[in-house]
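Here is the structure we will look at, set down as structure tokens.
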Amino acid sequence: LGRDGRWSANEPVSVGQKTSLLLLGSGLAREPVSFTSRDAERGSSCEQAGAMPQSSMDGNGSTTVVLPWRGRWFFCLRNGDSWVHQGRAVSLTAAGDPDVAVVSGVRGGGEMVSTSEDGYMVLPVDEEVPLLLLGTHFSERTRVTLTTEKVTRGLLCREQTLIETRGLQPLHGGLGARVSVRLPHAGSYYVCVSLAGRWVHQGVDPLVTLQGESTLVPFWVNLLLVATLLVWSGLFSGLTLGLMALDKTELKVIESCGTPEERDYARKILPLRRRGNYLLCSLVLGNVCVNSSFTILLDEMLSSGPIAVLLSTLGIVMLGEIIPQAICSRYGLAIGARTILITKLFMIITFPLSWPISKLLDSVLGEEIGNVFDREKLTEYLRITKDYAQLENEELNIIFGALELTKKTAADIMTRIEDVYMLPYDAVLDFETMSEIVKRGYTRIPVYDSTKQNIVSLLNTKDLTFVDPDDAIPLATVCTFYKHPLSFVFEDETLDSLLREFKKGHSHMAFVRQVVQSEDRDPVYHVTGLVTLEDVIEEIIQSEIIDETDVLMDNRRKQRRKDAQLLQDFSDFLKIGSGQQGKNVVSAQLAFATYQFLSTAVRAFTAEFVTPAVLRRLMAQNIFFTLKPSSSKNIFDAGRPCDFFTVILEGRVRVTVGKESLVFEAGPFSYFGLPALERGSFVPDYTVTPLSCVIFMKVGHSVYLAALRASRLGRPDEPADAALQENAVQSNGARQTPVASTEPKTTGWSEPANA
């Protein structure tokens, strides 16, 4: 039916538009009609007619068709289950520009889209992929679908196989369109375009064919693999830092003196750590392999390459490097020991590559020694880590001092020779000399001859144990008898060698000598100082050892000791002992013994009443006497009043007591007449008669009162005041016993009733 409303057999029809046809022939009642572009003889088979535009005729042979594109079209009629070609004589010519879109090429977008070797576009399944359709006549009304049916271009697409697309956006000029598609499964997909309510196939050319490709593993499996690889990356990175930071020396130290748990860890790691280069190569190879696999797998999972690079970089840097290394740098020993089996497994896996590389490194770099600390480094290491090493300052000082032994010399610690207390070789061991020795408080005293440069012997105070000061033995005699060896060292002698010399036991004191060179004569040795074992020990413990007799804290700096113990000066007793006619009737030793006895055993003369200085002054008076048995005098007579106190120092006396005339003997340091000091006068009921030549000390009441007053002036004292007040009133009627007691009364020190 032409445009003028008339039927015409030669007029061309318009492409893409409905055209009314009137078919003339036989048996055309309501039979379907189809078209083909293939030229053939009448009666031949139309192979593709079922896929081409079809229509049904009414009883008069009228029908309506839409031809998809220009060209010559031939009629096909249904005959049972097949289509029969009607020959060249029956055909239509389609002309004009159609409004239906024609797809001539497809291009995919995104990193997940690729091109096969055959030119097909390869898309991942179950992923939303943008496509660019290239062709003509694209408009807002154009609809595009995909089908898995492989047929010739221009045939109809069966609706059962269609796959919808979304978001079609035509380009300017209708030469293309953008669309999104999600392929449900793997396989080949072809493009279909809508035409008058039907879908026209765009052919099987590679340019318009899509190939769906599925991944080998599911997404969640890939995600799990990515996480696992990231964990392995962190493990290898951490073990590389943690295990390689533990050198063999440190592991041996931990194995020897660590905690039980640390020893077990070190025992497991040490065999692997001895193969340091092999271990390093295995861990580095494993780390590189894991990082490469992680990056590739993450790139396959993500559609964007830059995003994959960014995420892989962040993942490897943060979770695979920084965090694991920060942890293993602090807990490398524990982590390395607990993952030892994993490390051994990868050493076996990477053996073909890592072992040759490690052998090459061993030959080039040599044996790994580990950290070695010299004296200065070890000292500084301990000083820096002292707050964390749980070491006391005294312990650190001892360590530092021991490490400094080889650097210090005898000249650094010696006592200079001019500060050394020495005795001349011609000295006499009388009371004065021995008192000075005791006052000094030294154990060993050098002995010199003529000058202090000429040290000839050494005196040990133990040598004086059996020496009586009254004998005045020459010092040379004692030195010759004992012959203590002398030890000499040079100024540059180090303390470690000096300590070894002292440990041999020859002597704990050495004299330091200096060599004085001269051009015209032989070298001369000058003694410059003295060094002892105590000086060496003080340098080791970095502290001064203060003896109870030391006055100076440091001999070199002359620093005096604040709480120094004042040693008693016994030289005063050389002046004590004057008796009749000013003669010394007692020796200094006996005077000193008397002083000790009175100040400790007789309460009236203790420091509570009489100070030690006043007691010495009292003993310096003319209070010592001698009485022979041939004389008719007694020391005490019964019933005869007296006002003095006596102490027997030498000899024996007979004491006759009471009316019964009880007799007993008394010897040295027996004292009588103690009540006379308290009361001023008393009547004894005993007689004291000398049996041999007797030396005794006699203290009168007036002398004792003067001593009390002198002590009170220097130190106000309540017992001394009470004693003075008691002496204001005396009672002479009481009977007394001869021997004094140390049990005092409330205000004095009267003797008890029984001796």
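Backbone N, Cα and C atoms are what each Cβ position is placed from, and that goes for glycine too.
Taken from TrEMBL as is:
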- 727-749: compositional bias 'Polar residues' (COMPBIAS)
- 215-400: domain 'CNNM transmembrane' (DOMAIN)
- 414-475: domain 'CBS' (DOMAIN)
- 482-548: domain 'CBS' (DOMAIN)
- 625-677: domain 'Cyclic nucleotide-binding' (DOMAIN)
- 35-61: region 'Disordered' (REGION)
- 719-755: region 'Disordered' (REGION)
- 219-246: transmembrane segment (TRANSMEM)
- 277-298: transmembrane segment (TRANSMEM)
- 304-323: transmembrane segment (TRANSMEM)
- 335-355: transmembrane segment (TRANSMEM)
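Panel annotation: around the transmembrane segment (304-323), residues 110-111, 230, 233-234, 237, 291, 294-295, 298 of the same chain, lying at least six beyond its termini, place a Cβ under 8 Å from a Cβ of the stretch. Between the domain 'CBS' (414-475) and the listed ranges 215-400, 482-548, 625-677, the one holding the most Cβ pairs under 8 Å is 482-548. Note on the domain 'CBS' (414-475): its mean pLDDT in the predicted model is 90. Across the domain 'Cyclic nucleotide-binding' (625-677), DSSP classifies residues as 4 helix, 24 strand, 25 coil.
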